[in-house]
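A quick write-up on the structure given underneath.
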Amino acid sequence: MRVRRGLLRLPRRSLLAALFFFSLSSSLLYFVYVAPGIVNTYLFMMQAQGILIRDNMRTIGAQVYEQVVRSAYAKRNSSVNDSDYPLDLNHSETFLQTTTFLPEDFTYFANHTCPERLPSMKGPIDINMSEIGMDTIHELFSKDPAIKLGGHWKPSDCVPRWKVAILIPFRNRHEHLPVLLRHLIPMLQRQRLQFAFYVVEQVGTQPFNRAMLFNVGFQEAMKDLDWDCLVFHDVDHIPENDRNYYGCGQMPRHFATKLDKYMYLLPYNEFFGGVSGLTVEQFRKINGFPNAFWGWGGEDDDLWNRVQNAGYSVSRPEGDTGKYKSIPYHHRGEVQFLGRYALLRKSKERQGLDGLNNLNYFANITYDALYKNITVNLTPELAQVTEY
């Protein structure tokens, strides 16, 4: 009798264990789906931690090797004239890096092109992440008559090297936008760039489509001015260094290379998210962003593929110039796009079919003192893709 009861208990325990693990895995998958930003942040942090450990091990190995070589030379040179065996393992450190930024007494000429490395660009910026109302931001910048309606500004003491449209995808981040503008407007003014802000806001019930918003913003921005440089800027990314020049170049630019929530390390080499820049010519050549990425994730990886497929490489700022702080919880509430990997495998085939050339939309345009607001209700029917 006891043996029978034991046999009956075993399946029950196994069933309970199976139900427990099923419930746990289902809860985990649901969390990954509804809170992808948090999950991916932790995954990127773990990946960055692995990179940091690997780099530290390389550094330790190099230091040990250097110490062994020094000891060997020291023993050898104890009986030989030191001048016969010069030891200079740190010869590269003897050369001081000379600054390429112009001196404080640099003279501007109104008919000359603004330089890229100006004395007003000091480097690290004091970051203030505290919340601030848009009314306060309006009051702060209303003292500058050079800022025109919609946030248009250009220098008066030199000819701007680049005319830059700053495109910001937006949904329910009203507390983040004034924090970004508080830092970005003064930085761009110090860089002597002509610029304007375009906040592209998605309404409706569809999942957030960051890439399609960028395409809409591009089309609307080009109606205002013959911009030659485009900066695609997440609203929660605050630059920490004003020497991170927001002009464009011969190759597409990835500005946000070191984000605080990723331990200031690049999560992976193909990472192209946060803040990026392309010339208008480059953006048109790659057919813009893809429109098919509904939900969080994948569109910046597809942009990387498009850039590579078009024969470009990606440039990045050196050292700590590309450091950014991230306003927390930007992606909370945005669902994970589970179909992104299937689309990424077909990036090359889709590039000529999905982007600027299949984009349709209806925009409601309003003007703020500091930006142009472009409101759109996006649906998949507005950017249908033919078979490929």
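Glycine is treated like the rest: Cβ placed from N, Cα and C.
Here Swiss-Prot flags D236 as Mn(2+) binding site, drawing on similarity to another entry.
For D300 (N-acetyl-D-glucosamine binding site), the same-chain residues lying six or more positions away in sequence with a CB closer than 8 A to its CB are F271, F272, G273, G274, S276. Annotated N-acetyl-D-glucosamine binding site per Swiss-Prot: G298, E299, D300, D301, R340, in sequence order, evidence recorded as similarity to another entry.
Non-local contacts of C158 (disulfide bond) by the CB criterion (under 8 A, 6+ apart in sequence, same chain) comprise Y108, F109, A110, H112, T113, C114, P115, R192. Annotated disulfide bond per Swiss-Prot: C114-C158 (among others), in sequence order, evidence recorded as similarity to another entry.
Annotation source Swiss-Prot lists disulfide bond at C229-C248 (among others), citing similarity to another entry. Long-range Cβ proximity for C229 (disulfide bond), meaning a same-chain Cβ under 8 A and a gap of 6 or more residues, is found for W162, K163, V164, A165, Y246, G247, C248, G277, L278, T279, V280.
Taken from Swiss-Prot, the feature N-linked glycosylation site applies to N77 (among others), supported by sequence analysis.
Among the features that Swiss-Prot reports, N-linked glycosylation site is placed at N81 (among others).
Marked as N-linked glycosylation site by Swiss-Prot: N90 (among others).
Within 10 Å of the C-beta atom of N111 (N-linked glycosylation site) sit 6 other C-beta atoms, taking all shown protein chains into account. The feature N-linked glycosylation site is assigned by Swiss-Prot to N111 (among others).
Cβ neighbours of N128 (N-linked glycosylation site) (same chain, under 8 Å, six or more residues apart in sequence): V179, R182, H183. Annotation comment: Swiss-Prot describes N128 (among others) as N-linked glycosylation site, evidence class sequence analysis.
Among the features that Swiss-Prot reports, N-linked glycosylation site is placed at N364 (among others), with the record citing sequence analysis. Same-chain residues at least 6 positions away in sequence with a Cβ under 8 Å from that of N364 (N-linked glycosylation site) are, in sequence order, I374, T375, V376.
Secondary structure at N373 (N-linked glycosylation site), as computed by DSSP, is strand. In this view, N373 (N-linked glycosylation site) is surrounded by 18 other Cβ atoms within 10 Å of its Cβ, with every protein chain counted. Annotation source Swiss-Prot lists N-linked glycosylation site at N373 (among others), citing sequence analysis.
Feature annotation from Swiss-Prot assigns topological domain 'Cytoplasmic' to 1-14.
As annotated by Swiss-Prot, transmembrane segment applies to 15-35, with the evidence given as sequence analysis.
In this view, the densest Cβ surroundings among the disulfide-bonded residues C114, C248 belong to C248, judged by other Cβ atoms lying within 10 Å.
There are 22 other Cβ atoms within 10 Å of the Cβ belonging to D236 (Mn(2+) binding site). Note on proximity: of the binding-site residues D236, G298, E299, D301, the one nearest N373 (N-linked glycosylation site) is D236, by Cα distance.
In this structure, the CA atom of D236 (Mn(2+) binding site) is 36 Å away from the CA atom of N111 (N-linked glycosylation site). A simple way to gauge crowding: the CB of D301 (N-acetyl-D-glucosamine binding site) has 21 other CB atoms within 10 angstroms, across all the protein chains here. Annotation for E299 (N-acetyl-D-glucosamine binding site): spatial neighbours R210, A211, F289, P290, F293, R340, criterion Cβ-Cβ under 8 Å with sequence separation of six or more. A distance of 44 Å separates the Cα atom of G298 (N-acetyl-D-glucosamine binding site) from that of N111 (N-linked glycosylation site).
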